[in-house]
Structures are given as C-alpha cells and as structure tokens.
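Student: For reference, TrEMBL lists these features for the protein:
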| type | residues | note |
| --- | --- | --- |
| BINDING | GLY14, ALA15, GLY16, GLN17, MET18, GLY19, ASP37, GLU96, LYS101, SER123, ASN147, LYS278 | NAD(+) binding site |
| BINDING | SER53, LYS60, SER123 | CoA binding site |
| DOMAIN | 10-187 | domain '3-hydroxyacyl-CoA dehydrogenase NAD binding' |
| DOMAIN | 190-286 | domain '3-hydroxyacyl-CoA dehydrogenase C-terminal' |
| SITE | HIS144 | site 'Important for catalytic activity' |
Amino acid sequence: MATAGEIAAVGVIGAGQMGSGIAQLAAAAGCAVLLLDADSAALSRAVASISASLRRLAAKGQLSQAACEDSIKRIRCVSTVQDLRDADLVIEAIVENEDVKKKLFVELDKITKPSAILASNTSSISITRLASATKRPSQVIGMHFFNPPPIMKLIEIIRGADTSDEVFAAVKSFSERLGKTVICSQDYPGFIVNRILMPMINEAFWALYTGVATQEDIDTGMKLGTNHPMGPLQLADFIGLDVCLSVLRVLHNGLGDNKYSPCPLLVQYVDAGRLGKKRGVGVYSYGQKSSSVKPKSSL
C-alpha cells in the first residue's frame, strides 16, 4: 500500500476541466502523471490549458520557470486503461454516472497493481457502491475536488464502508501535499458540500420558475445579502446545470425527501442543452445565442 510520500505516479482519467486541473496539481507536486482520455482532441486541449495555466503562475512569480517546465514534462497523455498499470493512485474524473463509473472501476481493478489506490472525483455518488465493483474495496476512496481544481482550496474526502485507515491517511496526506485543505465526509448522498449547496441552487431555480424575481435579482440578493462571491444561478452555470441536476437526483433518490426534487425549470434547461458556461448558455448567456427556453411556471 502506497503512503502519501510513496505516491509517485498518478493516473487521471478524463481530460476535461476537472481532470486537467487535477493533473496539473499532481504534476506540480512532483508526480509523474498519466492523463487518460479516449478523445485525442480533449487531451490536446488539456495539455494546452495546463501549460498556459502553469506559465501564468510562473509569470506571476508563484512558480519558477524551471518548475513550470518540469511540471509540464511530467504529464504524459495516454489512451488506454492498460497504460495505468503502474500508477500508485488513480483518480477518475469522468461523467457523473454510477453505471459508467462502476464499469471503469471493474477495469481498473483488473489492470492496476494490487497496491494501487482507486479514487473517484464524484460529487455525490456512493463510494461504497463504486468500491463494491472491485475486489479491493478497502483501497477505494472519494476525492472530491472543486472547480477549478488548481484554484479552489478544498478537497472533500469520502470514506466508503470498507475504506481502510491506511488509505484514508495516505490520500489525506497526498491532498495536503497538493496544497489543499481537507474535509472528511461519511458516505451519504451529496456528502457535505453538495448536500447543502444543491438545495440552495434548486430553490433559486424555483424562485425563478415561479416568478418571485429575475435571475439577476436572485443572484444579487444572495451576493449582497449573504456575502456569497456569486449568486446560486450563476454558480449553477459554472458548475454545469447537468451536474446540478445529476446531484439533485442522487439526493432525491438516496434520501427520499421531496425537498430535493429538481425544479422543472432546471430539468427543462438541461433537456434543451442549456448546460451553463461550458456550452455558452445556461441561466445566463455567455456569448452564444440563447435557446428559446424561458422561465414559465405551470403552478
């Protein structure tokens, strides 16, 4: 079993915004990083984004030029799970879908070395259920990074029912090595942050849906009235409306309380492809033409 100091090779699965940010952090911490994605274009975008981010840090004096270039060189792009066979720690940052993640964990369990720790960046899915797809449930753990990972200071660690003390200690220490503050959640739907955050976002959608106020006034009210850095609707756009919907459904199904039932307007926006900033349009428009979906109450 690898300790934090022995975690030298890190596999990151998924070259999207979360995966590329996690890869950047691990490389900057001195790890050899294997960034896996089946989409070669996504890998190219990720490497360009990581390189630009690290060079910005170097330009600001937050990282030496040598450390910047060394970090970039530590990242190797790969296209098959077999390439992760020597990783000490594998962190998946793929789509927030339990069946898809379980299928991946079955593969990882067969291919990675027996001592490897398998981590999920899930924001809401049960770590215990993901671990049950493997023959090493004591070595499966949740590492929930926040977007964007290089900037956000928090990692939420989630222990499954069988996660060992040794694995928890190694992952906690490794997270601190990345420069993060760690909080620990038991394996309940939504964990800590999303259990609290997503109902607030959902309520903001209900307020918009039922005509309580405009999106701008809802967000301004929460920014100036509660000192939040951005309003819940804008934050939902940045997270991704599809991700918000997925987490709310996990909360609703897992906890059985109708207060977690997703607002119909959120569902409608996702159905229309209005997923937020990553698509150019969500609650707000980000330079692309808005679709025809408008808040409309059926109440």
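Placement of Cβ uses the backbone N, Cα and C atoms for every residue, glycine included.
TrEMBL does not curate its annotations; it predicts them automatically.
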Student: Starting from SER123 (CoA binding site), work out which of the recorded positions listed here (GLY14, GLY16, LYS101, HIS144, ASN147) have their Cα within 10 Å, and give them in sequence order.
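Tutor: So the list is HIS144.
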Student: Going by DSSP assignments with H, G and I as helix and E and B as strand, what are the residue counts for the domain '3-hydroxyacyl-CoA dehydrogenase C-terminal' (190-286)?
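Tutor: Helix/strand/coil tally for the domain '3-hydroxyacyl-CoA dehydrogenase C-terminal' (190-286): 66 helix, 3 strand, 28 coil.
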Student: With GLY14 (NAD(+) binding site) as the reference Cα, tell me which of the recorded positions SER53, LYS60, HIS144 is the closest one.
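Tutor: Minimum Cα distance from GLY14 (NAD(+) binding site) across SER53, LYS60, HIS144 lands on HIS144.
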Student: Please list, in sequence order, the residues in the chain of GLY16 (NAD(+) binding site) that are at least six apart in sequence and whose C-beta is under 8 Å away from its C-beta.
Tutor: ALA42, ALA46, ALA93
Student: Rounded to a whole angstrom, what is the largest C-alpha distance between any two of the residues SER53, LYS60, SER123 that the record assigns to CoA?
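Tutor: For the residues that bind CoA, the greatest Cα distance is 32 Å.
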Student: For the binding-site residues listed here, SER53, SER123, ASN147, which shows the highest count of neighbouring CB atoms within 10 A?
Tutor: SER123
Student: Across all the protein chains here, work out how many other Cβ atoms are within 10 Å of the Cβ of HIS144 (site 'Important for catalytic activity').
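Tutor: Cβ-Cβ neighbours of HIS144 (site 'Important for catalytic activity') within 10 Å number 23.
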Student: Including all protein chains displayed, how many Cβ atoms other than that of ASP37 (NAD(+) binding site) lie within 10 Å of its Cβ?
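Tutor: Taking all protein chains shown, ASP37 (NAD(+) binding site) has 23 Cβ neighbours within 10 Å.
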Student: When a 10 Å sphere is centred on the Cβ of LYS60 (CoA binding site), how many other Cβ atoms does it contain?
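Tutor: Excluding its own Cβ, LYS60 (CoA binding site) sees 8 Cβ atoms within 10 Å.
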